[in-house]
Amino acid sequence: MIKESLPDRLLKSLFYLTIGLFSVYCLLPFWSVVASSFASEASILKNGYTFWPKDFSLDAYKMIFSDNTIYRAYGVTTFVTVAGTVISMILTSALAYALSVKSVKYRNHIAFYVYFTMLFHGGLVATYLLISKYLDMKDTIWVLIIPSLLSAWNMFLLRNFFASIDDSIAESAKIDGANDVYILFRIILPISLPALATIGLFYALSYWNKWFDAVLYINDKDLYPLQYLIQRIMNNLDYINQISADVSIPNFIPPAMTVRLATTVVTIGPIVLLYPFLQKYFVKGLMVGAVKG
Amino acid sequence: MSATPAGYAEQAYSPSKKRSAIGAFIFELLKNKFLYLLALPGMIWFFVFAYLPMGGIIIAFQDFKAMQGIAGSEFVGLKNFRFFFRSNDWIQIVTNTLFLNVLFIVFNTLAAVAIAVMVTELGGKWFKKLTQSVMIFPHFLSWTVVAMFVMAFVATDGGFINQILSAFGIPPVQFLSSPEYWPFILVLLKIWHGAGFASIVYMATISGINPDIYESASIDGASRFQKIRFITLPLLKPTVILLLILAVGGIFNGDFGMIYAIIGRNPPLYPTTDVIDTYLFRAMMDLGDMSMSAAIGFMQSLIGFLLVLSVNAIAKKLAPESAIF
């Protein structure tokens, strides 16, 4: 082991400092919103946002959970995320597997058919008209799922992974009389779990964070996903007036600020809780994609 | 190529070598029928949700009326394009789109490379793990959530920046009506949201570098800085170029999700933040002008397409290992 010189150690310390500061920068906005959401409305109005709630209060959370809007939004988002991810994974792995088998003569044609959609697209207007006018999917929960079922990017990531699996595994199953569908679901997918976890997480996150499709296609309040609810309450007071309608205190001022913050915290809660478990798959999957890419 | 035993068997039984092209096509479909069946649902999806909208580009050349639909609307040639270029809006939104995207690409790449280089040099295991987790975390949050965070900082009453300013006796800044600050704020947010995540790819590349190179450099007395400057950065170059190519291909696509969630419908900020995508969205939703919106979208797609092709052609000449196809 060579002993490090002074400039080397100084540079290393500088790196520690920079990375440490950048991490604080990444955490700060998140921390401030969580802290402020636990402050009382009065103290936020008086002192502004805070990094440490001086006047601790759970009022905003109590109000959110006393109204069923948040539960509905949670239900919508959970359903969209779970159903969407499952269907996406089935379609993606079926297509990716077919394109990874070398005996499929037209696999490169199909791959180009998919790849072209990454280069050129019909644009927002045509997609909007197709979905709202011709497919008539407005104000259904499926509009949050079906138009985003497949991502060409994820499909190619998975195809590259399948292509790296030894051909002889599928071949020997074929000799034993298994068909390709059986081989995919019973042999290939079980040995591809790390890659599936990564791609599944990419899909799950995109469903969980979906809001723009709701802007375009959802008017029905019962079908608002969580992220769209956040967007709504930031821009108007409907939700806050609605949940404070039951309060029968004279001169009651709806806690508009803290309710917004608390709703934000409630929305990101599951991501924060699951994050430590999910993170390694993202890193691993991206590493695989990068090395192979 | 018929590597499977089943394939050989079927070929041996086929009577003639001179099958017609159609016969060969059907033969291939039958031979791999299960695989083509597996591919079919995905292919149908891409047809409906990616190729049908491409056909919808026709709207850009029509005077589209919702009642008449695409089949019944009247063709008007390039009128929609002329209409868009007649107003002076396009100069502002195209400039904003390009300016913001160049800022995003440059600063995000610099930050991501810097993070990757620095993190790989760090020794402590727990520090490395913890900071990496924290730096990637913002990427998991949707822009609508981020918009809430932004308010906590820029709000005129009670926002952190104005709290600090007032502590020094400086009058509050009205961020929500001052467009000049926003390119800077948006760049900071972009780095916050994406640099940690983007650095993973660069870290993967660095971890793929042969450690012997560093070792022999150390034996020759190279300092830490020299190793970064003359080994790590040059070997990162192909990855950086590849990702820049991908980014340049999308330079005419404004980050709609980010800008619409954060700026929303706040006209005072449009001079620096309104991009092609947000303008198009308003033209479609507020004015109901499907045809002009389609015309804008078509130009955007076409330019993006041509850009990817040309940037890739250039990359093939200069750095073949970075070309995409």
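For all residues, glycine too, the Cβ spot is worked out from N, Cα and C.
Per TrEMBL, the feature domain 'ABC transmembrane type-1' maps to A:74-278.
Annotation source TrEMBL lists transmembrane segment at A:14-34 (among others).
Per TrEMBL, the feature transmembrane segment maps to A:73-98 (among others). For the transmembrane segment (A:73-98), the list of distant contacts is 104, 107, 110, 114, 141, 144-145, 148-151, 154-156, 158-159, 161-162, 180, 184, 188-189, 192, 196, 199-200, 203-204, 207-208, 210, 222-229: same-chain residues at least six beyond its ends, Cβ to Cβ under 8 Å.
Away from its own ends, the transmembrane segment (A:110-129) comes close to residues 95, 98-99, 147, 152-153, 155-156, 159, 216 of its chain (Cβ-Cβ under 8 Å, at least six residues beyond either end). Positions annotated as transmembrane segment by TrEMBL: A:110-129 (among others).
Here TrEMBL flags A:141-162 (among others) as transmembrane segment.
As annotated by TrEMBL, transmembrane segment applies to A:183-205 (among others).
Taken from TrEMBL, the feature transmembrane segment covers A:257-278 (among others).
Looking at A:141-162, A:183-205, A:257-278, the range that has the most CB pairs within less than 8 A of the transmembrane segment (A:14-34) turns out to be A:257-278. Outside the transmembrane segment (A:257-278) by six or more residues, the chain places 30, 33-34, 36-37, 39-41, 44-45, 57, 59-61, 63-64, 70, 201, 208, 226-227, 229-230, 233-234, 239-240, 243 with a CB less than 8 A from a CB of the stretch.
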